[in-house]
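**Student:** Sharing a structure with you now.
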Amino acid sequence: MTGELEVKNMDMKPGSTLKITGSIADGTDGFVINLGQGTDKLNLHFNPRFSESTIVCNSLDGSNWGQEQREDHLCFSPGSEVKFTVTFESDKFKVKLPDGHELTFPNRLGHSHLSYLSVRGGFNMSSFKLKE
């Protein structure tokens, strides 16, 4: 079963790492993990797209999306169980993928505190842990 999950009032600060575990639905086109201060202030929009064999990262400020950063290292696959981490540094995010590959994305909005997490699409999150 897939759907949506939102966590509000989270306390993610620079130096924190979010560990995410879950399963990717069979037949899905992709999923989205958002981190920021709300639905219209996303510091990291992380979007593996299976139909395009790419991972798209972006930021959202109000109604304005930034320039997409595309990563062709797609090590996720539908029907699999995965673990990956997102580390928040003051100026960037480091996403460590299940195979150990790491991608970075700048903290374009410059926030020093993230309170919002959402998961959408074909990903069933079984656990998440925020470590400082």
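From the backbone N, Cα and C atoms, a Cβ is placed for every residue, glycine too.
Since the structure is predicted, the reported quantities are computational estimates derived from the model, not experimental observations.
According to Swiss-Prot, the protein has these features:
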- W65, G66, Q67, E68, Q69, R70, E71: beta-D-galactoside binding site (BINDING)
- 4-131: domain 'Galectin' (DOMAIN)
**Student:** In the structure shown, which of the binding-site residues Q67, Q69 has the fewest Cβ neighbours within 10 Å?
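**Tutor:** Among the binding-site residues Q67, Q69, the lowest count of other Cβ atoms within 10 Å belongs to Q67.
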**Student:** Where does E68 (beta-D-galactoside binding site) sit by DSSP, helix, strand or coil?
**Tutor:** coil
**Student:** Judged by the number of other CB atoms within 10 angstroms, which among E68, E71 is the least packed of the binding-site residues?
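**Tutor:** Each of the binding-site residues E68, E71 was scored; lowest Cβ tally within 10 Å is E68.
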**Student:** Give me the non-local Cβ neighbours of G66 (beta-D-galactoside binding site): same chain, 6+ apart in sequence, Cβ-Cβ under 8 Å, ordered along the sequence.
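**Tutor:** Those within reach of G66 (beta-D-galactoside binding site), by Cβ under 8 Å and sequence separation of 6 or more, are N58, S59, L60, R108.
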**Student:** Give me the mean pLDDT over the domain 'Galectin' (4-131), rounded to a whole number.
**Tutor:** 96
